[in-house]
Amino acid sequence: MANVVVIGAQWGDEGKGKITDLLSKSADVVVRSQGGVNAGHTVVVQGQTFKLHLIPSGILYPDTECIIGSGTVIDPKVLLEEIDQLHRLNVSTENLFISQTAHVTMPYHRLIDGASEEMRGDRKIGTTGRGIGPTYADKSERTGVRVLDLMDLDNSQDKFVWAIKYKNVILEKLYDLPPLDPQEVIEEYRAYADALRPHVVDSSLKVFEGVNAKKNILFEGAQGTLLDIDHGTYPYVTSSNPIAGGACVGAGIGPTIIDRVIGVAKAYTTRVGEGPFPTELDDEIGELLGHVGAEFGTTTGRRRRCGWFDAVIGRYAARINGLDCLAITKLDVLDSLDEIKVCVAYEIDGEACEHFPSNANLFARCQPIYKTMPGWKQPTSDCRSLDELPKEALAYLKFLAELMDVPIAIVSLGAGREQTIIVEDPIHGPKRALLDRNGEPIG
């Protein structure tokens, strides 16, 4: 039995959805612990593409319980659209459960999110405009609406009316936007409540019952380490904690429950929105990575910025999360390159630096120090074992493992489930990896 956390080791979009989908086959329960519809993950099964935002990837396995935890923020309209999409694809949501204490995104959250981002001008942080930040802000301000309020609208209607009137003042006076009609909003959300009611539970208790029953539990992270509100590239971050520690808080369990942490990283680096990005490529190679890697956001459709693998932020993610092993994704995107660069350190104002600087202004001045490696110039998407990989690709993986001091357990070579090299099931198998801590193949 093992309880496993899957987190993003970069700026999100690392391929966590595919890795979680692979591991969900061996999991009894999959828990989404933070974030909202600002996150997006794509899973491809037998040529069919599933794009999910709030619902855990484990929903594609009919016997797997999927829990949306209390650390998330829920837009009921989008969630119901997602449920409807799954039903049209003949996927059951009978095993989907929603935390009664998760906070609810309201129409005014989306309006304020968009208006405040516009007001920032050239100081934009790259929000998705989905109302996530304002929802978390109300949670911290203790004026938020929770799912349990939504389920008890007859008794909590005064709370809804007060919140809408309060936000109307902000919409009108600060952003010059028309006010919302409280009764219209309440009736809209009453319909959402009726549709979601069968799924609402005490999520912390449900997870705890799974732990006591010795079930395999998979905690699915959203976004990535460098987007963490406390440990990321602030202020260009999300409003929650996508790191491994955040899984405990968002799921309502203690840290001793967690057995291992898997970090997911692309074989290169991407970032969406604003903020410093030392290895960003504005040339034809950056364009190639974006084109071959189909680097467009699942949630926003925005083009992702692309660059070389950054081992400095990789080491930082390993430290912050206590990574046990890595899943490296999209190795196949590098197949056509003559040479591949890896950022091994930074230069800041003429001084070498091997550690991630928390100061955003300092980080913006970082110049990458690269190690150049030969490319392999042959396709890898059909490889199913380490022995089938070109020696240059294996050397590249070995180098990444050495730089991060974390073994590589999974190598993904495409979007499909079958396009994966894996030796041991990270949930049921022993704590070993495809590459050991010295980067040597296990065989």
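From the backbone N, Cα and C atoms, a Cβ is placed for every residue, glycine too.
Note that the coordinates shown come from a computational prediction; the quantities given were computed from them, not determined experimentally.
Noted in Swiss-Prot for the protein shown:
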BINDING   12-18, 40-42, Arg304, 330-332, 412-414  GTP binding site
BINDING   Asp13, Gly40  Mg(2+) binding site
BINDING   Asp13, Glu14, Gly15, Lys16, Asn38, Ala39, Gly40, His41, Thr128, Arg142, Gln223, Thr238, Arg302  IMP binding site
ACT_SITE  Asp13  active site, proton acceptor
ACT_SITE  His41  active site, proton donor
BINDING   Thr298, Thr299, Thr300, Gly301, Arg302, Arg303, Arg304  substrate binding site
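Known features from Swiss-Prot, placed on the structure.
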{"residue": "Asp13", "record": "Mg(2+) binding site", "Cβ neighbours (10 Å)": "29"}
{"residue": "Gly15", "record": "GTP binding site", "Cβ neighbours (10 Å)": "22"}
{"residue": "Lys18", "record": "GTP binding site", "Cβ neighbours (10 Å)": "27"}
{"residue": "Asn38", "record": "IMP binding site", "Cβ neighbours (10 Å)": "28"}
{"residue": "Gly40", "record": "Mg(2+) binding site", "Cβ neighbours (10 Å)": "21"}
{"residue": "His41", "record": "active site, proton donor", "Cβ neighbours (10 Å)": "26"}
{"residue": "Thr42", "record": "GTP binding site", "Cβ neighbours (10 Å)": "17"}
{"residue": "Gln223", "record": "IMP binding site", "Cβ neighbours (10 Å)": "30"}
{"residue": "Leu331", "record": "GTP binding site", "Cβ neighbours (10 Å)": "25"}
{"residue": "Leu413", "record": "GTP binding site", "Cβ neighbours (10 Å)": "26"}
Relative to the Cα of Lys18 (GTP binding site), which of the binding-site residues Asn38, Gly40, Gln223 has the closest Cα?
Gly40
Who sits close to Arg302 (IMP binding site): which same-chain residues at least 6 apart have their Cβ under 8 Å from its Cβ?
Val272, Gly273, Phe296
Check the Cα-Cα distances from Gly40 (Mg(2+) binding site) to the binding-site residues Thr128, Gln223, Arg304, Leu413 and tell me which is shortest.
Gln223
Cα-Cα separation of Gln223 (IMP binding site) and Asp13 (Mg(2+) binding site), in Å?
7
If you measure Thr42 (GTP binding site) to Asp13 (Mg(2+) binding site) at Cα, how many Å is it?
9
Can you tell which of Arg303, Arg304 has the least company, meaning the fewest other C-beta atoms within 10 angstroms of its C-beta, among these binding-site residues?
Arg303
